[in-house]
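Visitor: Sending over a structure as structure tokens; questions will come in a sec.
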Amino acid sequence: MTDFLNAIVALSNFVLVPGAAYGAQLALGALGVTLIYGILRFSNFAHGDTMAFGTMATILVTWGLQSIGISFGFLPTALIALPIGIAITGLLLLGTDRAIYRFYRKQKAAPVVLVIVSIGVMFVMNGLVRFIIGVGDVNFADGARFVINAREFKEMTGLDEGLAIRTTTLITLVTAAIAVALLFWFLNKTRTGKSMRAFSDNEDLALLSGINPERVVAVTWLIVAALATTAGVLYGLDKSFKAFTYFQLLLPIFAAAIVGGLGNPLGAIAGGFVIAFSEVLITYAWKKVLVYLMPENLEPSGLVQLLSTDYKFAVSFAILITVLLFKPTGLFKGQSV
Amino acid sequence: MKKLLLASAATALVASTAMAESHSDTIKIGIILGFTGPLESITPDMAGGAEMAIDEVNETGAFMGGAQIEAVRADSTCIDSAAATAAAERLVTNDGVAGIMGADCSGVTGAILQNVARANGVVMISPSATSPALSEAEDDGMFFRTAPSDARQGQIMSQVIMDRGIEEVALTYTNNDYGKGLADSFQKAFEADGGTVTISAAHEDGKADYSAEVASLASAGGEVLVVAGYTDQGGKGIIQASLDSGAFDMFVLPDGMIGQQIVDDLGSGLDGSFGQLPGSDSEGTAIFQEMATEAGINPTGIYTGESYDAAALMILAMAKAGSTSASDYAGEIMDIANAPGEQILPGELGRALELIEAGEEIDYVGATAVELIEPGESAGTFKEIEIKDGAIETVGFR
């Protein structure tokens, strides 16, 4: 029995808990990508850097709050700064839309042109973030680091394996759940949300029924700002902030959005978790778990690893390609790419 | 559009050659480092180190009859060989540099060496490329490095671990020429010494999440975790995740992983961890640190001293040969760096130039006690360190 519990704890500690946190972060990022694809009809390559910008704004506000002595008890101060960060990012995105995207929308530019434009925006934001906060690692998490750490858990339960749950992991899951609930409520129950969905389904029909397209676009950017900043801040709290890493986050986020079905919010969430868990599970060395579970004479001597961790990224892209080949609209019905 | 592009490219070309001609009494040295990419946080200090040496020589005015040296920076990106080659090509053909200080990462260094340095006959001195593969690379006598090869560091690291009575380790390395080279040479040395490496798992730098790697490492087990990575990249992510999940509580840190920043970031978690990095207890190190602090450069930054030495060696070799042509001065570099001769410490480049002028032998010691062995790389003294109460303490030298 103890062996069984040890196996479960080891699996939770190294696979389930970190996978869930990473999945939630990817899901929030993928939601932003999918919303832009559904409503504005292009793949926004600047999304990773939007996350970086939002996080940077939040970090600056956090530092401001800390310097005047405000903190949030055992929770990180960044959570108080988050709404202000979202507001600043919202302004930036609305400004970008005004200055750049609107021009191409008026021209009825093809989606691929908008994609290229977004790559340009990506480079500018990239430079902006590095210019303001620098290229180095920024650690801005304060408050209590652990809800329970591995050593305490071992002492409490008397098991050989420890289970660590970080405050940031819990915050990530809770905040992600709240954000997703709010988004779905907004899209399904409010008038603006319904007009956004109408605009996404059939632009011409939506225009005929008197929906103001500029308003839909503006609201979309604001929601994207909120999602991107939240995802970025949660990720930064959980790990740390570095401009380069945020740029690299773009790949798994796109993989998640496409696997789930571009344009489908539910798919984005599922996609986030699929990508996160596939990265961890397929390359996991089962030795530790099996040693606990198997009778002594059957214990494995090797690592019992399906693929070496070198192939971690191959795994998510293999899933991506399989999905595109056999179900181009994604696991949940989205638009085909 | 195409014509416009062509025209502007042509104008740019003409303009820059005109520039090069008008400054013919200026000698240019290219500094090619990864100012963007995974090493972007340490390269500004490295370039600063090299430029310190150049400024120092310019101030003396004693270099080749008062010629001025100009540093031209270029971006190696650390990871993109094509971009690095293009940047180096530009330095050589467009700026007309007399030598290249760089590159930083082993992969791009090899690419530049093969595609640009050998093809154009330009000397390269890298301050930080440590891959063992570069020792065997064809270089036509054009390539030197002020950092020791990781083949040597692997052996030293194995001894450091063995001396502490640890015989079973897990190993993770950053998936590039540096990480793979160091991991391989360490594993070979450690197994030859009778130790066991339970797992050797690669990690990618700058990625979002390292739970998969840590999960596998934890499952394989081991008394300590050897992390052949970078302080502000995947290496740090792996250590952070290992500490958080309680997978490992002691780490072995080679050169790329040692820096005050990571110790500050991770706090008490790193206490008791140990490692080694190229370094010596020479006088030169202390003098260089003082000079660097004055110049506003982080003196403990990794490879800053090696960068200063690389630039200084190149300049002194040119002075000794009395020529900026690679075929003339490449042969002098080993002579300058090694005994016999008057020892030259940082800040004494002016005196070195005087001695060379007077026809006397010099032995450049510099910031890192440079001693070059065949085929043109640093012999390498290593500093063993241990982290105690949030500070990096030197335990000894090997």
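Backbone N, Cα and C define each Cβ position, glycine as well.
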Visitor: Which of these ranges is annotated transmembrane segment in TrEMBL: A:20-40, A:251-271?
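Guide: Comparing A:20-40, A:251-271 with TrEMBL, transmembrane segment matches A:20-40.
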Visitor: Would you say the transmembrane segment (A:112-133) and the transmembrane segment (A:216-237) are in contact under the rule of three or more C-beta pairs closer than 8 Å, pairs 6 or more apart in sequence?
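Guide: As far as Cβ distances go (cut-off 8 Å, pairs 6 or more apart), the transmembrane segment (A:216-237) and the transmembrane segment (A:112-133) do not touch.
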Visitor: Counting only CB pairs under 8 A, let me know which of A:20-40, A:52-74, A:80-100, A:163-187, A:306-326 has the most with the transmembrane segment (A:112-133).
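Guide: The stretch with the most close Cβ contacts to the transmembrane segment (A:112-133) is A:52-74.
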Visitor: Does the transmembrane segment (A:20-40) make contact with the transmembrane segment (A:163-187) through 3 or more Cβ pairs under 8 Å, each pair 6 or more apart in sequence?
Guide: yes
Visitor: Please indicate, using numbers and ranges, the residues of the same chain that are 6 or more beyond the transmembrane segment (A:80-100) and have a C-beta under 8 Å from a C-beta there.
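Guide: Residues packing against the transmembrane segment (A:80-100) from afar: 46, 50, 53-55, 57-59, 61-62, 64-65, 70, 72, 117, 120-121, 217-218, 221-222, 224-226, 228-230, 233.
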Visitor: In the same chain, who gets a Cβ under 8 Å from the transmembrane segment (A:52-74) while lying at least 6 residues past its ends?
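Guide: Hits for the transmembrane segment (A:52-74): 80-82, 84-86, 88-89, 92, 125-126, 128-129, 132-133, 138, 140, 142-144, 167, 225, 228-230, 232-233, 235-236, 241, 243, 246-247.
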